[in-house]
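Here it is, the structure in full.
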Amino acid sequence: MIFNDLLCQDLQPLSPKPYSPSPHPITYNFFAVIFSSFLLDLNILDWSLENLIAIAVGPAAHIWNGGTLQGIGNIDLNSSSKYISSLAWIKEGTCLAIGTSDGEVQLWDIETKKRLRNMFGHLSVVGALSWSHYILSSGSRLGSIHHHDVRVAEHHVGTLCQNKQSICSLKWSLSAQLLASGSSDGVLNIWPRDPGAKLQSQPLKTIPHSSAVKAMNWCPWQSKVLATGGGMKDGILRVWDINREKIIQSAICSLLWLPKTSELMTGQGLPGNQMKIWKYPMLTNTSELYGKLTRPGLSVLMSGCFQYILGWWPSR
């Protein structure tokens, strides 16, 4: 029913409050951290609602305070043979889900630095994670998506299959009624909420892209609107009400909605490796971020496709 409503619904223009610049602009500084891992189908950065930042480097996840950018600890797999391949904070609290290169999903309590549980079932790298309340969904390099009910001992409650291609992005909608999954072969699937799904379950909608669907995010103020970014061979930003799209040419690695200003931010890949801000719904480019930015109320981290983390934070 929800999806049928979505197909019939025209995208309604928003009437956001006008953006008012601060009389005392904030200067934003830039940093880059070079990593040794190849990040194409991994998701190794996440920022929690508790203002905690997690970034994985090899077998360790480093935790920062998002307000001060001070390190507050790390989690280490203590392994020379496996690495952390995905991260996702639970929506409420300080529980961090970790996917590993050998197919394991772990839950960690960041306050106590203790591992809460290990969840098995995948046979390959877990490249994407997404929470929907107490359901944690995980996507693997072999194309399977597992639903884990973290409240119970028999956690594996459902499975979806996306053409046996690597899952490189996974995102539950804010209403928790739709799950978007992107794969390395350029397929974007929209699945209904069904934690007990079986392998033969079919997506509500399949939307082809010409390359990997790495970047995606649901709009926080229009719950049935999804933005996707194409990979290097595609390089197109699309904003969907599932039937309609608007297209902009550029290589896109990551997406972030900015609800306070009704804008959309994209992390670009080659050739510029910069961030761009687009006014929504017109999709006009309003800003590009290369090193410093005078813009109040914005603090961003970005993981790029090629071995780096980029970020901006306000100067004091």
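Here the Cβ of each residue, glycine as well, is placed from N, Cα and C on the backbone.
The following feature annotations were taken from TrEMBL:
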DOMAIN    42-309  domain 'CDC20/Fizzy WD40'
REPEAT    77-118  repeat 'WD'
REPEAT    160-201  repeat 'WD'
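Can you walk me through where each of these features ends up in the structure?
In the predicted structure, the repeat 'WD' (77-118) carries a mean pLDDT of 94.
Sequence-distant contacts of the repeat 'WD' (160-201), counting only residues of its own chain at least 6 positions beyond either end whose CB sits under 8 Å from a CB of the stretch, comprise 2-3, 40-43, 125, 127-133, 135, 137-145, 147, 149, 207-218, 220, 223-224, 226, 228, 230-231, 234, 242.
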